[in-house]
Amino acid sequence: MALGPFVLPFRGDQYSFGINFKSSPEEKLNFDLSCVAFDVKGQLHDTLHARKPTALDGALVKGFEKQALPEETVQVEGDDVIYMFPKKFERQVEVLLFVASAPSIPGKKHDLDSSSKLEFAVSYSDVGGQAFNQSFDLKPLAAQGGVSSIIVAVMYLQAEGGWTLRSVGDCHPFDSPGLIVPELKQTILNLRDHHGVQLDAADAIQAIDPAERVPVTRQFQDQSLDEASAGRAAEPAPVKKLRIDLSWTFWPPPPPTEEGEEPPEEPALEYNLVMYNKDGEEVQSISTGNREATGARAGRPEPEEDEEEEKEEEKEEPEEGEEGEEGEGGEPKEPPPPPPAPKVDPYEFKERDVIYLDVPDLPAEVRSMVLLVTNYDEENGFTRVRTVRCRLVDVSNGEAPLPGSKAAVAAAAAAAEQGLAAPPNPERVLADYGVLSKYEDDKATTQVALMKLYKEYADSAFNVFRGAGVDNVAAFIGQEPDTIINQLKAYLEATKKQKAAEAAAAAAAEESGEEITADPKPHVWRFRALGLNFGGDSLEAIEHDLKNLFAFDGDLAPGAARDSDTSRSSFPNGDTYFGSYADDVKHGPGLYAFATGAGYAGEYAGGKRHGRGVMVFPDGGTYVGEFVADKFEGQGQYRYPDGSVYTGSWAAGQKHGPGVYWDTARGCLRGEWKKGLLVGKGTYEQPALRFEGEFVRGMPAGTATYTLTGHRTLDMPCFAAQHIQAEEGPTLALPCAYGIPPGSGDEPQLDEEGQPIEDTDKPPLPAHPKYEGLTFTAEQLPGAAPDTVFPPEEGKPVPITAVPAFSVSTGLVA
């Protein structure tokens, strides 16, 4: 990448910057271009990003924020565009840095190399009609791998000349411009130290704090609280106490239609943090009217009362002989002009209330919680609401005193004594997310779901996926079947151990008479930014959407069907799912973890297992093959817990069609199955034995032949077996017949639902272990027969171990 340096026209009306990353409209990529502004003091002055589409009082505007663009804006093409209007700039802003970033998506590789195309485009024009329009290829930078942010370019303003644009091209693994503030400052220093650019901002930066960051939270951002608190640190920092700050602001009231008309009152917004259990039932809540619950409370602690010195109000008395404005001979004074209207910050955080969560003290049954801000005035809704916003703040190590409070003054004084510019701040902002409302656009909105907090259990399907270290769920199910089986069996064993540990803890608690108050299952708390608008006059009116919110993590739209390729679902019985949803059901590649320890990885269609898949059962049995409507159907292989294996055709979950079954005695049974039972001609073989005969519902019935190869001695060395083997024999064949009670093998009649009707007059079919009613008849004496080959070609590949191989020419060969 080679960009500049070159000076942009000083009197230009508009500069445009954009990134292009979509090769086709179908590509589901979520890259964005941000701009970070630094002032002459080297301080971060303002930011522009997807959730803050205007900055510097409209001098920077995101392309999608159409109503904030001046009428004369010349629109440019681009997947994400920033418009800059230099004539609106404040003089204190000296440096702008442009950052391309790809937000991380849990369960999906999503970095700047995920697209086959990545370009940075610049265009401008001046009053003389001079124009510039050029794009620069960023793809070689992203191809390094693991690149989630690129500091693309820097612009700086010098005393002589206009804005100068220069390429940077620094790549970073962090997915947000807010996490690379130290690198942004270093870029400013590099302008001075490496390129000789004289900037006040560079001279003002005395030291760079490697932990400095600003929260840039995107919609549907999903992250564990511990990871968010750690930021760039390698080890997560446990969050034990969380503060949720709430803010909302309003549009100015419309002008009165009649003289003397009182302006309307501000809407009375309320909030509700509803906590749910795994069944979707409300456990408790914190709201405007309900200020306290287990492990949670609303409102800041009462501040200490300041001891104020009593001061007498001094009134100025006019001196003798001085005339007041109404005094005799005095000239009437003009009233002073009204002060200018204060500048309105559209992104002001106006704290309305706070919620404290003592995370370890929350009720164990709480699985998730949803934060909503409501105004159930269905006539006006959110018409007057400008912003609704919340901040998640880690206060595990304490809180910063409120500005202007006695504690803040004392902290500042203590910091000054230590030579610090400001007192240390023990708080960490984990997320700052809000919804911007356009005036009168949201009349139908009466409630906004801002944020979700939820437990992610260690044994979830998502964590099984993460343990594989693959890019996405399609890559997970595309692994070798044996690899998937090992991963699912590891989940099964972990589930068994966890259940045993829970049972032991419950027994110990019962014996000691203590109550288990903590959640016994290992988990982490995560947050997910929502920003979803709903109507209705109560929470009950959006019950369906709320169920989706607390049990589903993926892209959501109010009232719409679930549709996401990286969704996570939890179910009341403890099952979890990670994979694709379409039209509100599981569809596409997915991974399902049963609470029993069973697991499935494969394709779904219409909400059911359908297509190729791998499944591990609670007893350790495994299936690899085809599914239809949640059942085995097509070709597949089932390994039973005892080690035996069936490979062949299935229908409706049963063996049906041609197949091969290897048992634990290293024998091979071949034939045709119907509804799980062997029927018609079948062959069973061992190294020294072959049985060929007719079967009825799994029982031998009809003519048969036993073939015995007496000289195959498995416990003798290979050379000995080869030495004693003759060209043929002694191998004998015995024609015979088996019989079963008449009528016992008839197919049962079925009822309307397809279930067999019990027939008390029908004789029972012989069955294991006694096989009562089964008869055997030798048809004639044994006769010599050719040697047999084992294992049979039709039984290969052999799916079990330690099976010897015999051939006619060489004897025991393995």
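Any Cβ shown, glycine's included, is placed from N, Cα and C.
Residues or ranges marked as compositional bias 'Acidic residues' in Swiss-Prot: 303-329 (among others).
Taken from Swiss-Prot, the feature compositional bias 'Acidic residues' applies to 748-758 (among others).
Remote same-chain partners of the repeat 'MORN 1' (577-597), defined as residues 6 or more beyond its termini with a Cβ less than 8 Å from a stretch Cβ, comprise 107, 459-462, 464-465, 473-474, 476-477, 491-493, 495-496, 552, 554, 561-571, 603-609, 618. The feature repeat 'MORN 1' is assigned by Swiss-Prot to 577-597.
Residues or ranges marked as repeat 'MORN 2' by Swiss-Prot: 600-622. On the 0 to 100 pLDDT scale, the model's mean across the repeat 'MORN 2' (600-622) is 97.
Taken from Swiss-Prot, the feature repeat 'MORN 4' applies to 646-662, supported by sequence analysis.
Residues or ranges marked as repeat 'MORN 5' by Swiss-Prot: 671-685.
Tertiary proximity for the repeat 'MORN 6' (691-707) is limited to same-chain residues at least six positions away from its ends with a CB under 8 Å from its CB atoms, namely 671, 677-685, 731-740, 745, 765-767, 771, 774, 779, 785, 788. Taken from Swiss-Prot, the feature repeat 'MORN 6' covers 691-707, and the record attributes it to sequence analysis.
Across the repeat 'MORN 4' (646-662), DSSP assigns 0 helix, 15 strand, 2 coil.
Here the repeat 'MORN 6' (691-707) is broken down by DSSP into helix, strand and coil counts: 0 helix, 15 strand, 2 coil.
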